[in-house]
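Asker: Encoded as structure tokens, here's the structure I'll be asking about.
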């Protein structure tokens, strides 16, 4: 069993839950056996076996789930470690770049023609760039490996990595099958040549045997050689026949393996696609539910708050505009009143100046008018009467003066 002594708290809690469930099932089994003690042994033994079988099956399924959980956690930890490693490598490259800029051995910038400093070198351009820009560039360089790692982790979780291994196995089987077919063709060709060679040697032997009575020493030597060659050809033919039989069996086995591997691949891909389809369906439902919750939150909470905020801001703007308008009107009215007061004060000053310019008789007339309390019309009539009497008296005096002269 897997040692869970040094697991994380989450893993230890999961293992504890599994152990509690197993203990619960054992308690159920023990209670069941205690209740069945009063029954017959014939009816008690099959029930105990069935419960033990179910208990073992459940225990095995729980252990399989636990092992899958540990395997998936290990895969995620491995890929997370690779991602952290790529980020650390990017930071290391930045540190090396800054260190190289301070190295005196690679810091020669003198132009021998003009005795001036060479500017705008690539290292200077890199240093003038912002640090986050350089980090982003290195992170983007390691992004490909990170994406590959993330894709591999996703394939490991969904089980597509095993399908990929099955595809690779199919390709290898196909290559082996092609090589086996080629080897079978070569062996069959060699087997055919061996048969032809043996047939030819047997024909020559038969010809020599037909004239056995007239053999010469060379014929005897030739017969011995042909007999040895025939034995060798027979052995070679037998070996090639066995090789052809073996390679044909191997070809049949590879063909059967290829057929079964292709069927298994399509079957597993169908299961994987159904799983992904179900997952995408549930993911779609979850997204729809999330969007629905967001819509309800926006409509019931955020929209009224936004409406109140807009209304309050609009009322504030209207109130501010009205205050500005009232201030402008008050300013205009105040200016108008000040202008009227200025005009009245000017009129009063003009009247006072006019009053100061009046003659003595006008002052006397005004004093008499104010003392007698006569109205303006009555005073004008009295003034006309006095003027007429005055004119009449002046005329009489002028006449008397003329008579006296």
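Keep in mind that glycine also has a Cβ here, set from the backbone N, Cα and C atoms.
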Asker: Need the matching range: Swiss-Prot marks coiled coil on one of 25-58, 127-160, 161-194, and I'd like to know which.
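Answerer: That would be 161-194, the stretch labelled coiled coil in Swiss-Prot.
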Asker: Looking at 198-229, 230-261, I want to know which stretch Swiss-Prot calls coiled coil.
Answerer: 230-261
Asker: When you get a sec, could you say which of 361-381, 382-402 is annotated transmembrane segment by Swiss-Prot?
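Answerer: In Swiss-Prot, the transmembrane segment feature sits at 382-402.
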Asker: On average, what pLDDT score does this prediction assign to the coiled coil (321-347)?
Answerer: 83
Asker: Who are the chain neighbours of the coiled coil (161-194) in space, where the CB to CB distance is under 8 Å and they lie at least 6 residues beyond its ends?
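Answerer: The answer is 152, 155, 233, 236-237, 240-241, 243-244, 247-248, 250-251, 254-255, 257-258, 261-262, 264-265, 268-269, 272.
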